[in-house]
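As recorded in Swiss-Prot, the features of this protein are as follows:
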ACT_SITE  Asp91  active site, proton donor/acceptor
ACT_SITE  Lys152  active site, schiff-base intermediate with acetaldehyde
ACT_SITE  Lys181  active site, proton donor/acceptor
Amino acid sequence: MKLEYNRIIDSTLLKADTLPHEIDALCADAHKYQFYAVCVNPSYVRYAKNILKGTGVKLCTVVGFPLGQTTQRQKVYETKIAIKEGADEIDMVMNIAEFKKRCACVISEIRAVKKVCGKRTLKVIIETALLNQDEIRDAVNVCIDGNADFVKTSTGFSMRGASLEDITIMREASGNLIKIKASGGVQTAQQFLDFFNAGVSRIGTSNAVKIMEELHKLESHEHR
């Protein structure tokens, strides 16, 4: 099993009815497989942080999620609380309506949240399902101008998740100035491998264990 596979996974659990025992399992699996991070809703940051102590697994949470329709001030406040409670990484939803109006406030919003993050990783979700190809390119550049560390495809709560076409456009637009995270609807090992081979730096999925098991089976089959 290639080490890179598990180390680019954000194992994600963001559903509204998540219970503590599910967070327990998420964190235990992340420790077992040494996923790069787990991503949980803000209400579970403190809880998950305690479980992850000493595991080497990073803790990610979301801001302005899932619509992005909160103000810059609110996103900054959410980020401050998340970091105070133990978040290592922030996945923030871009204000898509303001972006479509070509408002410079979108760049300033990203910069403001990144300033709070400091050395912590900021990923900006652009929700590619709601953008055309030119808008995807522009959104990548907005994230670069905003000093984000990653541009991320999707929340997983819109019409669709990541596509290989999205990733191709984002890679071309990025000029290697920003990393790319694919997320939303990544359910199988083949999808995972497609995104991995397309050059993404991180993959978010709520099917991380299933994908790892499938990858192990594929590897075993290849070595027969």
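Note that the numbers count up from 1, one per residue, in the order the chain is shown.
The backbone N, Cα and C atoms fix where each Cβ goes, glycine too.
The structure, with features from Swiss-Prot marked on it.
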residue : record                                                  : Cβ within 10 Å
Asp91   : active site, proton donor/acceptor                      : 28
Lys152  : active site, schiff-base intermediate with acetaldehyde : 29
Lys181  : active site, proton donor/acceptor                      : 26
Rounded to a whole number of Å, the separation of the Cα atoms of Lys181 (active site, proton donor/acceptor) and Asp91 (active site, proton donor/acceptor) comes to 10
